[in-house]
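What follows is one structure encoded as structure tokens, with my remarks underneath.
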Amino acid sequence: MAATDLERFSNAEPEPRSLSLGGHVGFDSLPDQLVSKSVTQGFSFNILCVGETGIGKSTLMNTLFNTTFETEEASHHEECVRLRPQTYDLQESNVQLKLTIVDAVGFGDQINKDESYRPIVDYIDAQFENYLQEELKIRRSLFDYHDTRIHVCLYFITPTGHSLKSLDLVTMKKLDSKVNIIPIIAKADTISKSELHKFKIKIMGELVSNGVQIYQFPTDDEAVAEINAVMNAHLPFAVVGSTEEVKVGNKLVRARQYPWGVVQVENENHCDFVKLREMLIRVNMEDLREQTHSRHYELYRRCKLEEMGFQDSDGDSQPFSLQETYEAKRKEFLSELQRKEEEMRQMFVNKVKETELELKEKERELHEKFEHLKRLHQEEKRKVEEKRRELEEETNAFNRRKAAVEALQSQALHATSQQPLRKDKDKKKASGWSSIYSVTIP
């Protein structure tokens with residue numbers, strides 16, 4: 001026998017033996033214990049309502065749970081889609097239910113609807129992430145944890161009677177791997193029965209052709225297999241919601257009053273509201289919770305753990321222990337860290353070299369600029385010296401001309417000052433001669 005066969009034989013688990021009991025033991029009360037524990041703990045159920053503003057989401061929720069939830073009026077002028085969760089504590093008989101209704105406010109109201117699904121996907125992933133973080137805690141308390149994971153998405157389809165909008169197809173395609181989708185035709189009393197039947201066939205055909213996976217009521221449980229198989233053929237449900245009571249015959253029923261007649265909400269000949277309530281709440285609520293945990297959440301959890309480096313086995317199907325996974329991830333991280341450090345060091349060295357080259361280039365440019373300025377300075381200095389010498393020569397020449405002019409002026413002044421003296425002397429001589437002549441002549 002080969003070594004691999006021996007290992008396979010040694011690792012194989014032995015078949016359990018069936019034994020008969022000699023008397024009553026008591027573990028047949030386990031189902032009762034489980035029921036008692038579940039009733040004590042209570043249940044949580046989270047519904048996501050996706051549909052255009054004013055399509056009747058709040059009214060249908062009030063009708064489904066036969067109460068009035070306090071909700072705010074939604075506007076048609078929302079800039080983007082936002083998720084508005086509201087939690088309520090309900091009790092029926094001795095069963096407590098923590099119900100969370102999440103409304104996609106503003107869905108389909110924007111001009112650009114390309115990313116309308118994004119806030120919805122992000123919200124669903126955020127609830128998965130919160131649950132995963134709670135699971136990964138060393139001291140976790142899932143018993144007291146309020147599970148906010150979306151268990152079902154009621155997708156409200158506008159009753160156009162023609163086909164699905166591209167927004168509906170894109171959104172459901174993005175959501176089908178993350179949540180259980182139950183498509184419903186809202187305000188089904190606005191189209192005729194024949195149009196409604198054709199519309200249902202058209203919707204299911206488009207969902208199948210576009211690969212959209214909606215929630216199928218399970219048929220593996222014999223207790224509900226028959227009714228679920230029948231209800232699967234009625235999808236999508238055409239519903240009418242109303243909290244008003246109208247008197248029909250001798251009793252009051254929830255209905256919508258029109259001039260042409262009355263549409264009874266709980267009359268299966270008028271709409272599929274009763275079918276939706278039975279499938280969603282009475283028959284398949286626990287399966288929706290289970291599908292959310294075992295299918296959608298497990299897919300999210302697996303992808304997240306694989307991103308973190310965890311895996312069940314290697315290529316040879318050998319299981320990894322947590323310690324082995326941790327050590328492998330640690331080595332991978334250290335090698336990546338070392339590689340990053342080497343890259344950063346090399347980048348630093350290259351940056352230093354580039355900086356040195358830039359500094360040398362700047363130094364060379366500055367030196368050339370300095371030499372250029374130095375030459376300009378010397379040239380300017382030479383020109384200034386030449387100008388100074390020319391100025392000195394002109395000054396000396398001016399001084400010489402000035403001295404010559406001053407000499408001429410002094411000579412002229414001296415000459416002009418001598419002429420009056422001569423005139424005085426001549427006058428005196430003339431007067432002397434005249435007096436002499438006057439004396440001698442009687």
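Backbone N, Cα and C atoms are what each Cβ position is placed from, and that goes for glycine too.
Here Swiss-Prot flags 1-16 (among others) as compositional bias 'Basic and acidic residues'.
The N-acetylalanine annotation in Swiss-Prot covers A2.
All protein chains shown were included, and the count of other CB atoms within 10 Å of the CB of K187 (GTP binding site) stands at 21. Swiss-Prot lists 51-58, G106, 187-195, G241, R256 with the feature GTP binding site, giving similarity to another entry as the kind of evidence.
Per Swiss-Prot, coiled coil is recorded for 320-413.
Listed as Cβ neighbours of the compositional bias 'Basic and acidic residues' (379-391) (distance under 8 Å, sequence separation of 6 or more from its ends, same chain) is no residue at all: none. Taken from Swiss-Prot, the feature compositional bias 'Basic and acidic residues' applies to 379-391 (among others).
Annotation comment: Swiss-Prot describes 408-420 (among others) as compositional bias 'Polar residues'. Sequence-distant contacts of the compositional bias 'Polar residues' (408-420) (same chain, at least 6 residues past either end, Cβ-Cβ under 8 Å): none.
Per Swiss-Prot, compositional bias 'Polar residues' is recorded for 432-442 (among others).
With the fewest other C-beta atoms within 10 Å around its C-beta, G54 stands out among the binding-site residues G51, G54, G241. Listed binding-site residues: K57, K193; maximum Cβ neighbour count within 10 Å falls on K57. The DSSP secondary structure for K193 (GTP binding site) is helix.
In the three-state DSSP classification, K57 (GTP binding site) falls within a helix. The average per-residue pLDDT of the prediction over the coiled coil (320-413) is 89, rounded to a whole number. Every protein chain shown contributes to the tally, and the Cβ of T190 (GTP binding site) ends up with 14 other Cβ atoms within 10 Å.
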